[in-house]
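J.: Below: one structure in C-alpha cells.
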Amino acid sequence: MHNTTKRVTVPALEAMLYETIKVLDHGFIRVIDYMGDDSSIVQAARVSYGKGTKQLNQDKGLINYLLRHYHTTPFEMCDIKFHIKLPIFIARQWIRHRTASVNEYSARYSILGNEFYLPEPTDIASQSAINKQCRAGDSLPKKVSEKVLAILEEDARRCYMHYKELMNADEDGNIIDENVAGIARELARMNLTLNYYTEWYWKINLHNLLHFLRLRTDSKAQYEIRVYAGKILDIVKAWVPFTYEAFEEYRLQGANISRKGLEVIKRMIQGEKVIHETSGMNKREWEELVKIFR
C-alpha cells in the first residue's frame, strides 16, 4: 500500500474512513471511500487544471453561486461511498433515490443476522390526521407504547425462529436437524419482518447526495431515515465545508416561493393587508407561505 497520494484528500474525512457511526439501535454508517473536495467543484466549474484560485473566499463565492443557481455538473465531480446497516423498511424508502450505485447484502446467498429495529417508546405515535404519509407529532401513552413494542418484538422473534426452522439452519448456517430438509434461503427470507436489518454499499455523487439530504432531513420525512440523513449531513460538512454552508443557506434554510406567493409578498410590501381569501392561493399553499415567515 502506498503511503502517499497525488489525489485530493480531506483530513477531516480521512479520519472518518472505516469508522463506525452508530445509528438507531443496531444500525451504522461507515465512510469507505471518496473522491474530490470543494476545490474539485471549483476546478470543474472553471474547467482548469489547477485547484481554483488561491483565495478561499473566491472559491467559496463560486460554490455559493453554483448552488444558488442550481448548477449540477460541478457537484457531480465529487463521489462518496458508504457502508450502511439499516432496517429493511427504511432501505425500501431509501432505494427510491435511484441515482446511486447500490450493492445490498443478499438473503439468497447468506442468512440474515438476528437483529431487528425497535423504536423508542417516545417515537411511537398514531397516524397523522393531516398528512397521509406520516405519524402524528405526539407520542402515544406509555401503556400503549409498551404494548406496541411487545408486539413488534414478539413478532420479530417468532418470525426469525420460523426463518431458521424453514431453512433447517441456525444463524451461522449450521444444520439444525440432519433428518429434516430445509427450504431455500430465497424462500425462507419472505417470512421475516421489515424491521430486520440489512446492509449495503451505497455510492453516490455529491449533487444527488444533496438532493437526498434535502428530502430526507426534512421534518416531514420519516423519523428513522431522518436520523441516517442527519449523520450523513455531518459527514458532508466535514468533507466539503463550503458546499455544506451553501447547501444550508440556499436549500435547508432557504425557501422556494411560487409566483402567487411572490405576488402576495409584493402586495404586503406595498402596504396591502393580504389574507388567505384575497391571496388567490389555496389553503395549503397559503399555510406553507405563512409558515416560511413565522
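The backbone N, Cα and C atoms fix where each Cβ goes, and this holds for glycine too.
Note that the structure is a prediction, hence the values are computed from the model and not measured.
For 27-250, the entry in Swiss-Prot reads domain 'ThyX'. As annotated by Swiss-Prot, FAD binding site applies to Thr73, Arg96, His97, Arg98, Glu104, Asn205, Leu206, His207, His211. Swiss-Prot lists 96-106 with the feature motif 'ThyX motif'. The feature active site, involved in ionization of N3 of dUMP, leading to its activation is assigned by Swiss-Prot to Arg216, with sequence analysis given as support.
Any idea what these are sitting next to in the structure?
T.: Under the DSSP three-state reduction, Glu104 (FAD binding site) is assigned to strand.
Taking Cβ pairs closer than 8 Å, the motif 'ThyX motif' (96-106) reaches residues 112, 198-205, 208, 211-212 in its own chain, all 6 or more past its ends.
Within the same chain, residues at least six positions away from Arg216 (active site, involved in ionization of N3 of dUMP, leading to its activation) with a Cβ under 8 Å of its Cβ are Ile225, Arg226, Tyr228, Ala229. Mapped onto three states, the DSSP output places Arg216 (active site, involved in ionization of N3 of dUMP, leading to its activation) in helix.
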J.: Pick the one among the binding-site residues Leu206, His211 whose Cβ has the fewest other Cβ atoms within 10 Å in this structure.
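T.: Across Leu206, His211, these binding-site residues, the one with fewest Cβ atoms within 10 Å is His211.
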